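Novice: Okay, these came from Swiss-Prot:
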- E321: active site, proton acceptor (ACT_SITE)
- H322: active site, proton acceptor (ACT_SITE)
- Y123, Q185, N208: NAD(+) binding site (BINDING)
- S231, Q253, H256, H322, D355, E409, H414: substrate binding site (BINDING)
- Q253, H256, D355, H414: Zn(2+) binding site (BINDING)
Amino acid sequence: MKIKSISGNTSVSLKRSIDAGTEEQRKAVRGIIEEVKKNGNAAVSAFTRQFDGADVAGFRVSEEEIKEAYSALEERDLEIIQAAIFNIKEYHERQLATSWFYHRKDGTMLGQKITPLDSAGVYVPGGTAAYPSSVLMNVIPALVAGVDRIVLASPPGKDGKLSAGVLAAAAELGVTEIYKMGGAQAIAALAYGTETITPVDKITGPGNIYVALAKREVFGQVDIDMIAGPSEIAILADSTANYREIAADLLSQAEHDAMASSILVTDSETLAESVLKEVYRQLEHLPRKEIARQSIDNYGLIYVTETMNEAVSVINELAPEHLEILTVQPDALLGQIKHAGAIFLGRYSSEPVGDYFAGPNHVLPTNGTARFSSPLNVTDFQKRSSIISYSREAFRANAEKIAAFARLEGLEAHARAIESRNREED
């Protein structure tokens, strides 16, 4: 991590591009997908043995396994999951869109019909780690949207089991169609189906490069949420901010991934220098310090600007996944922020608050795509159909214009379709 003083129209970036994978990786993913399409369950089983070291007799999690998960989970952990569910549901229920219609004076009725997807597949990373928060953040928007069938897939550990936290989180949300499969083979099975797995309409959830490439490959057969890159945090701070807290928040993202990006933007050189020293001091005491060190060394940066307005401009150019505003009046700057996946205001809104508990979704656009993308939300699991009911009066008043417009585009059959009705009316 280093300090860089900038001013004026200096260009900034997150210092990396979305990983499109190597040609070898892309070829491997295409091969896995084709094998699953051809051989179904047998292919998924073979790849699970090869990549996860697990020999899973049946992919689907049984009721007994869910009961075992509840028994293995500490009561306090279950209570925390339940509290998070309440918060996340409460937030996402406010996003729910409904159908609407209106009438014109000529009797025309127009509208928009909102319909939930029939099915969704949620991918949850697994193996040596457990991410019940990914279950909550991907399943709850689909539930609120009204999706009837929600399927969960997660790679098993070498013992052939999924984590108790993941299973309990899914069960608390009423998801019981859970499969012990991961990687590109899971994405292929969800997209194309197997002898025992019915394909879904949309796939969401994070994963490694093979999962990301597989999602890219199956897009079009199914919808996907996004192709997310490594995690990012940007902190906008003035001289009133606490340098120890800033360092801790920067490291909270750095420990995710060696390619995670942690950036401070400030108009205070004194704060910048204090944060730089504190980051490396705290780093030494982290269990995942080697991963965090690679991230901080390669993708950590502190920008020092001359004014706070310049600092805000830097943030908008970065368009970060997570943005913390740690200034004397964070609310006053909110209106100036145009591009960020999630915005955390004030010292008590540390980024992990949003990761797990506050309510907003933690599936966020990365790598500057917050310029044109949004967090995962309820509308991602809903479709919109336009409704047109033209009255006789409206048709007769506009038929000539519509036919003329069709001929303007050289589409004679369109024009005649309109005129055929006019002739019937005469």
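Any Cβ shown, glycine's included, is placed from N, Cα and C.
Provide an account of the burial state, proximal residues and distances for the features listed.
Specialist: On its own chain, E321 (active site, proton acceptor) has S231, E232, I233, A340, G341, A342, L364, P365, T366, A370 as residues at least 6 apart in sequence with a Cβ closer than 8 Å to its own Cβ.
In three-state terms derived from DSSP, H322 (active site, proton acceptor) belongs to an extended strand segment.
Within its own chain, Q185 (NAD(+) binding site) has I32, E35, V36, A43, V44, F47, T48, F51 as residues 6 or more apart in sequence whose C-beta sits under 8 angstroms from its own. Taken residue by residue with DSSP, Q185 (NAD(+) binding site) is part of a helix.
The 10 Å shell around the Cβ of S231 (substrate binding site) contains 25 further Cβ atoms across the protein chains shown.
Take the CB of D355 (substrate binding site) and look out to 10 A: across all protein chains shown you find 17 other CB atoms.
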Novice: Would you kindly give the Cα-Cα distance separating H322 (active site, proton acceptor) and E409 (substrate binding site), rounded to the nearest Å?
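Specialist: Rounded to a whole number, the Cα-Cα distance is 46 Å.
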Novice: Across the listed substrate-binding residues, S231, Q253, H256, H322, D355, E409, H414, what is the farthest Cα to Cα distance, given in whole Å?
Specialist: 56
Novice: Cα of Y123 (NAD(+) binding site) to Cα of H414 (substrate binding site): how many Å, rounded?
Specialist: 45
Novice: How far is it from H414 (substrate binding site) to N208 (NAD(+) binding site), counting Cα to Cα, in Å?
Specialist: 49
Novice: Please report the number of other Cβ atoms within 10 Å of the Cβ of H414 (substrate binding site).
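Specialist: 15, counting other Cβ atoms within 10 Å of H414 (substrate binding site).
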